[in-house]
Amino acid sequence: MKPRIRVGLIDGAVAGEAAPAVVESRRFNGLDAADGDHGGLVAQCVLEHCAEAELIVAQVFDRRRVAPVAAIVDAIDWLVERDVAIINMSFGMAHETPLMAAMCRYAAGCGATLVAAAPAHGPAAFPARLDACLAVTGDARCQRGEIAYLGTANSDFGTHPFVRPGQPQAGGGASIATARMSGLVAARVAAGVPASRLRQTLIGAARHVGPEVRHG
């Protein structure tokens with residue numbers, strides 16, 4: 001029997017099919033809570049690649065998908081206390097904040113693997129650009145379960161970006177790819193790969209190497 005892997009989600013509430021996998025949830029933002037749609041999709045994508053994951057949900061976003069930095073910092077600290085193996089951050093921001101950067105490094109130092117969304121193009125996003133994080137974007141070359149090793153200034157890895165394979169109209173992007181990567185990472189942790197070896201293990205598993213090139 002595979003061990004249960006604890007995956008922390010910093011997002012909104014989790015509703016829908018993934019809700020039974022949530023073993024603990026806490027809200028960190030006193031404003032109107034986001035609905036469970038985005039959090040539910042993120043959770044579902046994690047579970048598609050690691051069905052045995054236990055989800056610990058830190059709710060930080062309001063209905064506009066906006067979260068105070070202080071709420072995110074508190075959420076990371078709480079997830080570390082809950083001994084999660086992976087922290088999924090399907091979001092990014094333009095400007096770095098020292099307190100949040102320090103908390104990300106603290107979490108990584110405690111053994112958590114941080115997986116953060118990164119744009120395919122344009123300036124590198126925070127916190128994905130921190131060395132403490134795996135920076136992930138969507139890569140249309142990847143089928144579900146495949147990994148691309150990008151190694152660019154923006155992104156370390158890419159993976160399948162869509163909620164439903166073959167149906168881009170159903171939604172997708174870097175936030176979904178990040179959730180899928182968290183699931184792929186969780187599956188490797190469940191198989192016994194230590195946090196210190198995860199990056200090299202993912203590189204070794206890459207189906208594609210180098211950035212996606214689009215023509216036309």
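From the backbone N, Cα and C atoms, a Cβ is placed for every residue, glycine too.
The feature active site, charge relay system is assigned by TrEMBL to Asp11 (among others). Using a 10 Å Cβ-Cβ cutoff, Asp11 (active site, charge relay system) registers 28 neighbours.
Under the three-state DSSP scheme, His38 (active site, charge relay system) falls in the helix class. What TrEMBL records for His38 (among others) is active site, charge relay system.
TrEMBL lists 45-206 with the feature domain 'Peptidase S8/S53'.
In the three-state DSSP scheme, Ser175 (active site, charge relay system) falls into the helix class. In sequence order, His38, Val42, Ser90, Phe91, Ala117 are the residues near Ser175 (active site, charge relay system), counting only same-chain partners six or more apart with C-beta under 8 A. Marked as active site, charge relay system by TrEMBL: Ser175 (among others).
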Taking every residue in the domain 'Peptidase S8/S53' (45-206), what is their average pLDDT?
93
